[in-house]
Amino acid sequence: MAEPESSTAAAGGSRLRNACGGVLCAFTLLLIGVLAFSIRLFSVIKYESVIHEFDPYFNFRVTQFLSKNGIYEFWNWFDDRTWYPLGRVIGGTVYPGLTLTAGTIWWLLNSLNIPLSVETVCVFTAPIFSANASWATYLLTKEAKGTGAGLMAAAILAMVPSYISRSVAGSYDNEAVAIFALIFTFYLYVKTLNTGSLFYATLNALSYFYMVCSWGGYTFIINLIPIHVLLCIVTGRYSSRLYIAYAPLVILGTLLAALVPVVGFNAVMTSEHFASFLVFIILHVVALVYYIKGLLTPRLFKVAMTLVITVGLAVCFAVIAILIALVASSPTKGWSGRSLSLLDPTYASKYIPIIASVSEHQPPTWPSYFMDINVLAFLIPAGIISCFLPLSDASSFVVLYLVTAVYFSGVMVRLMLVLAPAACILSGIALSEAFDVLTRSVKYQLSKLFDDSPAASGDSSAESSSASTVSTNSAKNETRPEKTETAPKEKPSKKNRKKEKEVAESVPVKPKKEKKLLVLPMEASVLGILLLIVLGGFYVVHCVWAAAEAYSAPSIVLTSRSRDGLHVFDDFREAYAWLSHNTDVDDKVASWWDYGYQTTAMANRTVIVDNNTWNNTHIATVGTAMSSPEKAAWEIFNSLDVKYVLVVFGGLVGYPSDDINKFLWMVRIGGGVFPHIKEPDYLRDGNYRVDAQGTPTMLNCLMYKLCYYRFVETDGKGFDRVRGYEIGKKHFKLTHFEEVFTTHHWMVRIYKLKPQKNRVRGKLKKLKSGSKASSTNAAGRKKNPWQ
């Protein structure tokens, strides 16, 4: 009766332990979610509830329109306040995931009588989904390496600076929800791989659909998963679970992706998606081979194998030929400009300068890796090693995700955001394995220390004898069933016989060797735990600093510290408020495309170009106007019905991201469409200068005049704090533009086009002067015989 009671007590204890572990795990995940949300609120605490950057202002404006007019009007919205006189169809050119998500949250809160404004919901959408991303990271890592690694990875992702940079409160951009969708799609794919459940496969397709709605980076998913499927096939890991995980994703995911207006038929017509279809065909060929192998004898299987391979190769070659024909018909070979710039990092700088001009599309520097992922860079190799011990479908997918993300992040700094989850997952796995080994070593050493104590020496002989008898009996009992189990399995083939022998011989010996290898000395284990805790402390301090100082400042409100304290530069909102209150509603404002979204959203004025950059010719026209002399620029702007021109200037306060520093991109983009604009005309010996050594073309262009007009009056010298020298042309007047507003710190300057002169009056003057000249020279002039 004692043995059943002890077994039931042990079972009850294990159930209680599992229940307590589940509650503790849920509570830890809740704390991780709170951490992920709260660490992103520094921007609201330090400044106010304000939208950040440039693109979020367009998303905020679209969300306002959706909440006010409904989803039907949203899909059919033609915006006449952007890209004048062309306009823009919003419903068919925007990824609607972020807008629909925030609009749904706003509708639910107002349905529950929680009257929050649309702006407040937009500001806090990114912190909310950062918590969701942390929980999705836990689920993905748990499928790969267990609960401990999942909790560690979730905690690391909640604080990683690379993700914080795009998910602070106010950063209302597509990546705010897309990173969660990316991680959750990967989790459902791995979950389907591990379970073979068609339910999870369907959820995976729906999650992929949400990712397509949210961000153009969905092409990373539809290319990474086929690569992993192909890797599993090549390494002999094909199974029915792999088929269930991939086939529904391609079919359902492609059909759902085609429903998104901004994607449409691109889901089946562009080169970014062709790899998924090719792997889909290969997967079916492999599945057919495995199916036939189970039905036929070995001799018939060889004949059928050759037939299937022949037909499969013929089909693959036919599909490849069709794809090549489709790709060859496109000038960009079926790839988008951004995709080509990822495959060939020099493509954008050679052919599409508008893409290369965006700072997010530049390659990162080495310090940016240590800034954005910090100590995780040193933990990733250990995580890779842990994934190979042992290697599973889930762990191989995580390693493949890391390798591809590292490459793409090295091409484009914006894709550091895609690298962050992979780095956190592998770092979490490495830390979990390290803590597991170190704590087990400490536990073993402590138990050994207590077992060797004098108090327990009296019972040691009896316990050792009983333990030895039990161990010998258990060893015998363990070896016997192994022999009986391996005996019938030795029949099929020699390879299986060798494998089963190796497994049978290694099973009873392996645990003893592992225990000896994993046990470390007490001092080394305690020191290792302390070092890992200190390393984690440094990581937390760095993440909090990055969240509070580096990534919380909105670009529309700038701050600077000096001996006098903190100085706030609110020039952008000051300029947009002036435009809103002192200009007509239908007035057109011209500026470089960086400020188009903000001008439309905050000043409610029509702009010529904005951050969508869908029409390179229109942007080149504005760049040409800025690069031209004053009169030629006035004619270009006047042809576009422009009434005001806005420029950003940082020479007085030292703001480096001004239009003078961006000017060469205007020249390059304008020169790509209008050949008379040549970059060497603006350079002196290959150097870009605006001082006395600047070229006449540079010192007489419109951008120079609008930025430096009356600048010499500030200090009497015209010293530019950004460039670090005095300007070349200090005293000049404007003939076709007049200054109407300059902000407090001279960061934003607004000019108005002067009206056209009275042409009738000018003609009369010319006629009078012409008649006098003709009368005086008539005597000495001979008559033209051809008149």
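One is the number of the first residue shown, and numbering goes on along the chain from there.
Using N, Cα and C of the backbone, Cβ positions are placed for all residues, glycine too.
These numbers come from a predicted model, not from an experiment.
For reference, Swiss-Prot has these:
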SITE      D55  site 'Interacts with target acceptor peptide in protein substrate'
SITE      R166  site 'Important for catalytic activity'
SITE      E360  site 'Interacts with target acceptor peptide in protein substrate'
COMPBIAS  453-475  compositional bias 'Low complexity'
COMPBIAS  477-504  compositional bias 'Basic and acidic residues'
MOTIF     592-596  motif 'WWDYG motif'
MOTIF     659-666  motif 'DK motif'
SITE      K662  site 'Interacts with target acceptor peptide in protein substrate'
COMPBIAS  759-769  compositional bias 'Basic residues'
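On the structure: features taken from Swiss-Prot.
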| residue | record | Cβ neighbours (10 Å) |
| --- | --- | --- |
| D55 | site 'Interacts with target acceptor peptide in protein substrate' | 20 |
| R166 | site 'Important for catalytic activity' | 22 |
| E360 | site 'Interacts with target acceptor peptide in protein substrate' | 11 |
| K662 | site 'Interacts with target acceptor peptide in protein substrate' | 18 |
C-alpha spacing of R166 (site 'Important for catalytic activity') relative to E360 (site 'Interacts with target acceptor peptide in protein substrate'), in angstrom: 12
Within the motif 'WWDYG motif' (592-596), residues counted as helix, strand or coil by DSSP: 4 helix, 0 strand, 1 coil
Rounded Cα separation (Å) that holds between D55 (site 'Interacts with target acceptor peptide in protein substrate') and K662 (site 'Interacts with target acceptor peptide in protein substrate'): 18
Cα distance (Å, whole number) from K662 (site 'Interacts with target acceptor peptide in protein substrate') to R166 (site 'Important for catalytic activity'): 23
Predicted model, mean pLDDT over the motif 'DK motif' (659-666): 94
Residues in the motif 'DK motif' (659-666) grouped by DSSP into helix, strand and remaining coil: 8 helix, 0 strand, 0 coil
